[in-house]
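Quick look at what TrEMBL lists:
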SIGNAL    1-23  signal peptide
BINDING   His183, Asp206, His208, Asp210, Asp304, Asp306  Mn(2+) binding site
Amino acid sequence: MEQVVKSFEMSLFSLFLVSSVVAREIAFPPVAAVHGPTGQYPLVHGDPIDITTGSQFSGLTTFAQMPYVNCFVDAEAESTPYDIAFLGAPFDTAVTGRPGARFGPSGIRLGSRRLGGWSVYTGLNAFQDWANVVDCGDAPLTWLDNTFALKQLDLAHKVVSSRPTKATEHGTTPRIITLGGDHTTTLSALRSTNRHWGPVSVIHFDSHIDTWDPSVLGGGISHYAGVNHGTFLHLAHEEGLISNNSIHVGIRAPVVRPRGDYRNDIRCGFEIIKARDLDRLGVDGVVEQIKSRVQNSRVYISVDIDVLDPAYAPATGTAEPGGFTTRELLSVLDSLQGLPVIGADVVEVAPAYDTAAETTTLAAAEVAHSLLSLMVGTPVM
Ligand SMILES: [Mn+2]
């Protein structure tokens, strides 16, 4: 055995000699190391090759390389306090169009690998500021029973949001950014924010109103069928989770009833900015209308990726032509800086329909990055 190792070392050595003759000389860092609290520890003494730092494509994929913490395990969560947590909700069995958003969380994480650095627009580096940001992985949700899965997600939100924070001077309740999952998953998030902060205003980016009465969308077949990705805002209103000054942005899909759906939408507390209103109002006008609607209240921002035009986000369940560009959406989101965002999500990402160039998941990751930046920019007690 020793002989084998020796000859292997010898051949490596001769390979090194040959390649150092042929190849251009490359200067490696003096020593490979892991970063510790008191400086660098050599990984293997004298080893010139670093295998511990520096790659966006190594290790297991978390959102933007943020550390993975199993937030469902007491000892782990308590030993790593966090201020903002990413939580995947792989659930897609309450959709009216194409399924596939259960793969959204992993798709968005893949799209987020190159995120980082200081924004040229805001000057902020959300990953290196006061907040300890972690990825809690996905909530374990059954795919065979929607009622049970949503109870699991309710509990996951309850647990993740009840952990201690690290920067207690900036807030004592961790805030969650959910990676969806179909839009039904927002209901669990709103139940959780209501528990901590009471009813909140919802800024809802979507091509659909999602306040449909369960007897209208779902056909009134059963109570079970009425809980779906087009009724969750109606249910949130019924449960008293949202306040009466919420707003939709980017609406363009047809309604089911010519007048009843709008009446019901107003009753659920919503005002509408249609997709084509952006042409008339511009980004600043849209931002102004959102801010004057929600005033100083705490807000939850929910982004259905289908608010984007299918050209920019083809990988979604119910795509509607005539939507925003990615740049327009990001401009609006970044301009909401200053609002107290207590929770957020990006949902309805179904990677199976994406382009090979990851068009949708890259956009969704950047949206989540903007949502994180809003939370870091404005701490909430
Ligand atoms: Mn939606």
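Each Cβ is built from the backbone N, Cα and C atoms, and glycine gets one as well.
Automatic prediction, not curation, is the source of TrEMBL annotations.
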Residues flanking the Mn(2+) site, with Cβ no more than 8 Å from the Cβ centroid of His183, Asp206, His208, Asp210, Asp304, Asp306 and excluding those residues themselves: His204, Ser207, His229, Gly230, Val307, Thr318, Val347, Glu348
Packing count at Asp306 (Mn(2+) binding site) (other Cβ atoms within 10 Å of its Cβ): 30
